[in-house]
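Summarising the annotation, Swiss-Prot assigns active site, proton acceptor to 103 and lists sequence analysis as the type of evidence. Marked as substrate binding site by Swiss-Prot: 28, 29, 30, 31, 81, 82, 83, 84, 94, 95, 96, 97, 121.
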């Protein structure tokens, strides 16, 4: 199976966790896009969705799925999203698609976070994939200097603005042994909106696409 076929398999497998009549939290990226395709097939069974990006909102609306403002929803039954990396503790690096802040907000109000990914995203130690950090534009240089002090090599993601109007620094050269501590440390830097470490709030279930089918963890 190709990588895209593995992503499609886990996107459709996530339908098993969607309860009729609920509002579903939906992530961003190529794997989440397959979940939206799957969700379109049962759109009349759900109340709607909360979306983590303008791109996902547009795709949901193209299927006629109502999209709710996060402020109008107290709690979500599930949140389904991909990951750039996921370790054995169900901690993730996310934000390759620059939607990390909204993804983290939706994860916070969801009872269950379901990570959908192909097997290439499974790692022993987080950090080979550059760690995205969303930053207020005026703080970009300061935050970069602080990230260097932590041992990282930050790279400004050129020509990218988040849906919130901020910039992204991708931090290379990190071997993340204590993801919770690093998440808290980077989030404490003035000017950081959030870091793409999902460790304090990791995944509850991981659906991993493999050549032998979908592996369920959690």
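Glycine too: its Cβ is placed from the backbone N, Cα and C atoms.
Taking CA atoms as the reference points, residue 96 (substrate binding site) and residue 103 (active site, proton acceptor) are 12 Å apart. Other Cβ atoms within 10 Å of the Cβ of residue 30 (substrate binding site), summed over all protein chains shown, number 15. Residue density at residue 96 (substrate binding site): 21 other Cβ atoms are found within 10 A of its Cβ, drawing on all protein chains shown. The substrate site is defined by 28, 29, 30, 31, 81, 82, 83, 84, 94, 95, 96, 97, 121, and by the 8 Å test on Cβ atoms against their centroid, the other residues of the chain that qualify are 27, 32, 117.
Among the record's substrate binders, 28, 29, 30, 31, 81, 82, 83, 84, 94, 95, 96, 97, 121, no two C-alpha atoms are more than 16 Å apart, and one pair sits at exactly that spread. Across the structure, residue 81 (substrate binding site) and residue 103 (active site, proton acceptor) place their CA atoms 8 angstrom apart. Taking the binding-site residues 94, 121 in turn, the residue surrounded by the fewest other Cβ atoms inside 10 Å of its Cβ turns out to be 121. Comparing C-alpha positions, the residue listed as 'active site, proton acceptor' sits nearest to 94 among the binding-site residues 30, 83, 94. For residue 28 (substrate binding site), the same-chain residues lying six or more positions away in sequence with a CB closer than 8 A to its CB are 52, 53, 55, 56, 81, 82, 97, 99, 102, 103.
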